[in-house]
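**Q** Handing you a structure now.
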Amino acid sequence: MIFVRICFVLIFITLFATVLVLDNHLTGKSPWHNFESSTKQRIDGIPFCEYDRSTSLLRERSNSLSDFAFLAVGFYMLVQAIEGQQKTRAKNTILSLINGLANCAHAIGSWLNHACRCQLGHRLDLTGMWLIIAFISFYSLIRHANIKTFLFTLIFMVNGFILWIMSDIYYPQSYDNEEKILTTILIVIFALSECFHLRSKSITAKQLKWFGLGALSLIIGVVSGQLDASKIVCWPHSWFQLHAVWHMCAACSVLAIYEYFRADTSFISKKIEHLT
């Protein structure tokens with residue numbers, strides 16, 4: 001419905017504008033001084049190129065603002081969930097609702113991580129990122145099974161709690177070790193699951209397009225993030241930051257895989273409760 005879409009667009013614009021206004025208003029009045037730092041090192045602790053505006057609301061301006069890409073993706077999924085419920089009550093909203101909420105939560109966590117460079121934001125960022133990838137991997141594994149919404153939600157929440165406990169790590173060790181290892185494992189699980197599904201069904205041209213776009217976006221994002229972290233390509237005071245490019249590419253990849261799942265019609269006749 002057009003009304004729902006307009007509401008989400010207005011909310012998005014309002015939030016983005018509010019952050020910009022507050023960042024300008026609070027220059028020299030950082031609200032983050034009492035928050036625990038996300039690094040135990042005084043030098044080279046944060047693995048990002050962008051200059052630290054330590055007295056501002058947005059300590060990493062471009063990196064934090066680029067996290068609105070995840071919020072846009074989350075809002076898009078929530079719109080699909082709401083419109084899907086209006087079209088038919090038979091469709092459940094695991095793919096759109098829970099996935100959308102996870103992306104919105106990650107947007108907030110990642111924004112806070114780069115805005116405050118604090119451990120709370122870092123943990124929320126890590127947990128949100130892992131949750132999104134875990135959702136994609138888990139949904140790939142179970143989408144051909146008749147699983148109830150309540151059970152899926154319960155498992156997802158328990159998984160979130162476990163990931164929150166695991167996120168209690170600091171830069172730069174987290175960026176070099178635990179963060180990448182778990183992320184890689186979850187992506188491999190998704191890839192293996194999809195390869196298994198492809199043995200019993202053919203992939204449509206529409207699915208192939210979305211999968212290809214998702215893979216390409218992820219590759220570009222990973223390369224950009226690594227160039228930023230290694231400072232090979234680095235302009236600290238520029239609005240253009242490669243870590244921000246990583247954020248936007250990652251959000252595009254998540255959106256592409258979401259559309260890839262939605263384009264799969266091979267199991268419509270199985271009366272699966274979570275079809276959206």
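The backbone N, Cα and C atoms fix where each Cβ goes, glycine too.
What TrEMBL records for this protein is below:
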- 64-82: transmembrane segment (TRANSMEM)
- 94-112: transmembrane segment (TRANSMEM)
- 124-142: transmembrane segment (TRANSMEM)
- 149-166: transmembrane segment (TRANSMEM)
- 181-198: transmembrane segment (TRANSMEM)
- 210-227: transmembrane segment (TRANSMEM)
- 239-261: transmembrane segment (TRANSMEM)
**Q** Relative to the transmembrane segment (124-142), which of 94-112, 181-198, 239-261 accounts for the most Cβ pairs at distances under 8 Å?
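**A** Highest pair count goes to 94-112.
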**Q** Return the stretch with the most CB pairs under 8 A relative to the transmembrane segment (210-227), choosing among 64-82, 94-112, 181-198, 239-261.
**A** 239-261
**Q** Is the transmembrane segment (64-82) packed against any residues at least 6 beyond its ends, judged by a Cβ distance under 8 Å, and which are they?
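**A** Residues 1, 4-5, 8, 11-12, 15-16, 19-20, 58, 93, 95-97, 99-108, 110-111, 114-115, 241, 243-245, 247-248, 250-252, 254-255, 258, 262, 276.
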